[in-house]
Structures are given as structure tokens and as C-alpha cells.
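Enquirer: First the structure, which I've put down as C-alpha cells, then a few questions once you've had a look.
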Amino acid sequence: MLIPIKGLLSSEEAEKCRQALMQETWNDGRQTAGHVAINVKTNLQLSRDSQVAQQIGDLILDRLGAHPHFMSAVLPAKVLPPLFNRYESGGAYGNHVDNALLTLPNSSIKLRSDVSTTVFFSEPEQYEGGELVIQHSYGEERVKLAAGDAIVYPANSMHRVEPVTEGIRLAAFFWSQSLVASSEQRQMLYELDQNIQTLIMDHPESESIASLTHLYHNLLRHWSQT
Ligand SMILES: O=C(O)CCC(=O)C(=O)O
Ligand SMILES: [Fe+2]
């Protein structure tokens, strides 16, 4: 299930971030690639030490933490601080799956990557190519969103970033461990929650609200690990 989050940052905020990110010193992204990804990855990334990266990363996580769709779809247990990438001059990241187990920075705490998120900082007309192509059971989805928008997708999907043949594509990306490991179970919980929310809006007097909420929490009890 792919969930677009429109307007996570306003276009003015995204533009300010883009300008600040452009001032930073970028490193070869292959430094952080695993032994399979290293052959298909040509991009630049910011060091975790970058203050700008940390500030914008905090802003992203604050906004997503208050976003009902992100919280309902991801059910986050642990979240890695966002990383930042930059693609230009034909740079690309071929088909790959992200590592299943990651370590929180400056700690020995492990995180299982259940959900991936990309936040776009460049407007689509500022670069050619650069679509994030995500494969799923029904085919593939080509994602290229406005600056300030985000896309949330299961971390077990094969995906790639198409070559950026003109201009520069700046984005943030990060992984979350969910309270619910299975993407199918997460999707069912998300759909149930969305329908309960719609029922609350359209028929606040309905007695089904309490019983569906009861069902939601009982499923969450069965399927979550804390
Ligand atoms: O930039 C993106 O949209 C995704 C990047 C990516 O797949 C990765 O760095 O693993
Ligand atoms: Fe990836």
C-alpha cells in the first residue's frame, strides 16, 4: 500500500529547506550502500553530522508524528532519523530492497525496516527523470511528487530511483519499524481505521462506531509487538 502525504511541508517551507540543503557538503552515497546496492547506486548523501540535516529531519518527524494518516498507516514503534540524498547528472539508484535490519545512530539499538518514507524537496519541473518506482503485487507505481509531499510504502518492496538526466532531485528518506510487522495486517488496520473515521464524521450517532472501534483495538492487540 502506497500512501501519499500531500503538503507535509508547505511549498515555501520546502523551498527554504531545499536552499539550506544546497549549501551543505555532499558525500558519495556509495559510502553507505550495502555490497549489492553499491553496484546500482550513484548519488550523493549528507552526513548524519550535518546540523541542517538534523533540523530538517526533526521537522519532518514532528510533522509526521502529528499526521493522522501516517500514524494510522505506519503505527510506528521506532523511527530512524531521516537521511538526505541528491541525484543529478544521470545519478540513479537501480532496483534494490533496503536492508531489513538497521542500527539507530550512536546506539546499538536495532530497528527492523517495515515502512519506507521519501519526502520530496525539489519541484517535479526542477528535474528530468528521478521517479521513485515502487514494485508491488499489481505492477509498479512511478512516484514524483511536489516539493513538501511525502510517499509512504512497505520497506519490503523492490524499488529504484530513475536516472536524473537534468536538474537536481533533493529528497529525505527514512525507515520506521511498525508495531505491526506484516504489511497486509497494517493495511487492514489502516482501512478499518479510515472507515471508522468516516463513520464518525458522517454518522456520529451510529452504534457501529463503538463495536468497530472495539474490533480495531482487539485486532491491534493480536497483531502488535511492543
Ligand atoms: O530517494 C528516494 O526516493 C529513495 C531512496 C532509496 O531508495 C534509498 O536510499 O534506499
Ligand atoms: Fe531504497
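Including glycine, each Cβ sits where the backbone N, Cα and C put it.
Copying in the features that TrEMBL gives for the protein in this structure:
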BINDING   HIS96, ASP98, HIS159  Fe cation binding site
BINDING   ARG169  2-oxoglutarate binding site
DOMAIN    78-178  domain 'Fe2OG dioxygenase'
Enquirer: Give the mean pLDDT for the domain 'Fe2OG dioxygenase' (78-178) on the 0 to 100 scale.
Expert: 96
Enquirer: For the domain 'Fe2OG dioxygenase' (78-178), give the DSSP counts of helix residues, strand residues and coil residues.
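Expert: Helix, strand, coil within the domain 'Fe2OG dioxygenase' (78-178): 3 helix, 59 strand, 39 coil.
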Enquirer: To see if you understand the setup: which same-chain residues, six or more apart in sequence, place their Cβ under 8 Å from that of HIS96 (Fe cation binding site)?
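Expert: In sequence order, the residues whose Cβ lies under 8 Å from that of HIS96 (Fe cation binding site) (at least 6 apart) are VAL36, ALA37, VAL40, LYS41, MET158, HIS159, ARG160.
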Enquirer: Have a look around ASP98 (Fe cation binding site) and count the other CB atoms within 10 A of its CB, chains all included.
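Expert: Excluding its own Cβ, the number within 10 Å is 16.
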Enquirer: Which number gives the other C-beta atoms within 10 angstroms of the C-beta of HIS159 (Fe cation binding site), all protein chains shown included?
Expert: 23
Enquirer: Relative to the Cβ of ARG169 (2-oxoglutarate binding site), which residues of the same chain, six or more apart in sequence, are found under 8 Å away?
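Expert: Set apart from ARG169 (2-oxoglutarate binding site) by at least 6 residues yet with Cβ under 8 Å, we have ARG86, TYR87, GLU88, SER122, GLN126, TYR127, GLY130, VAL161.
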Enquirer: Name them in sequence order: residues not among HIS96, ASP98, HIS159 whose Cβ is within 8 Å of the mean position of the Cβ atoms defining the Fe cation site.
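Expert: Counting only non-site residues, the set is ALA37, TYR93, ASN95, VAL97, SER116, ALA155, SER157, MET158, ARG160.
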